[in-house]
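The block underneath contains the structure these notes are about, expressed in structure tokens.
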Amino acid sequence: MAAPAQQTTQPGGGKRKGKAQYVLAKRARRCDAGGPRQLEPGLQGILITCNMNERKCVEEAYSLLNEYGDDMYGPEKFTDKDQQPSGSEGEDDDAEAALKKEVGDIKASTEMRLRRFQSVESGANNVVFIRTLGIEPEKLVHHILQDMYKTKKKKTRVILRMLPISGTCKAFLEDMKKYAETFLEPWFKAPNKGTFQIVYKSRNNSHVNREEVIRELAGIVCTLNSENKVDLTNPQYTVVVEIIKAVCCLSVVKDYMLFRKYNLQEVVKSPKDPSQLNSKQGNGKEAKLESADKSDQNNTAEGKNNQQVPENTEELGQTKPTSNPQVVNEGGAKPELASQATEGSKSNENDFS
């Protein structure tokens, strides 16, 4: 009954193809490239943020990842797939064998197209997800940042942050708890231990509560080993939680603060830059204090001089003690983790991520 509706007669006598045929053809072209075409549970890869130029970001990502991927794992090899015979004379008369061979050739060609790095739809603007096969994303990204940190050589213009994603699951609290119980074991289960922090970011998702996610993940880490402690200054491990739509991306990274929150634009900057910035801010602070002291001496009011210092410290970027009051009411290390997640989300927004 549906076949006549798909092809309708036009005034010129021709036939118009139904929409279903175009949809199937488009879907077939996507599947022909091999592998998933969008971010989904069960993938490993690298989440990359950029600034309004995703196509250029993908090009830079391929170039950078292939360069360091070949250095760590060697170049990709497809000789086995390319040298497979295209036909067999002895099996031409056997229909069943010919069918099996055709299916095998299709599978082989699909596997050949599954490259080491493949861009997929992330589900968010200014975010690119590169699916990886046969490598460990956290080691590769750490190797890239370590080299850029040492050489101070800038290799990208569009890429902002590059976060390895070791696992993905559904972005529902129960699914995340179940997945994290086994995912976090290699780093935090006894006898393994370490200091940690949790960095949380959510995009295009409104059904997951930040404080609940951080509280549950922190509880899992402490349950795996009671000696795991929170350190927001220089943690040994940073648990990265990136939620996009209905997919939760997880990873555990090292040197998160040393490598400037895995920001490729910041990690190549000389250490002199922040010190100079702090010195400039300090000079401004001293100038303000001097002017305040002079005004206080003229007005003979000593109380105003004591109130000037907290205002300047807030201008230098320190957090206010009264922020996030709901999280502060909760005990233990969880309020610290929640405040860290707040700082992490703000920094991500500043990076156009």
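Note that Cβ sites are derived from N, Cα and C of the backbone, with glycine treated the same way.
Listed features, source Swiss-Prot:
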COMPBIAS  1-10  compositional bias 'Polar residues'
REGION    1-20  region 'Disordered'
MOD_RES   A2  N-acetylalanine
REGION    73-96  region 'Disordered'
MOD_RES   T79  phosphothreonine
MOD_RES   S86  phosphoserine
MOD_RES   S88  phosphoserine
MOD_RES   S119  phosphoserine
DOMAIN    147-254  domain 'THUMP'
MOD_RES   S270  phosphoserine
REGION    270-353  region 'Disordered'
COMPBIAS  273-282  compositional bias 'Polar residues'
COMPBIAS  283-296  compositional bias 'Basic and acidic residues'
COMPBIAS  297-327  compositional bias 'Polar residues'
For the modified residues listed here (S119, S270), which one has the lowest count of neighbouring CB atoms within 10 Å of its own CB?
S270
Euclidean distance between Cα atoms of S119 (phosphoserine) and S270 (phosphoserine), Å:
32
In the domain 'THUMP' (147-254), how many residues does DSSP put in helix, strand and coil?
35 helix, 35 strand, 38 coil
Which three-state DSSP class does S119 (phosphoserine) fall into?
strand
Would you identify the secondary structure of S270 (phosphoserine) according to DSSP, in three states?
coil
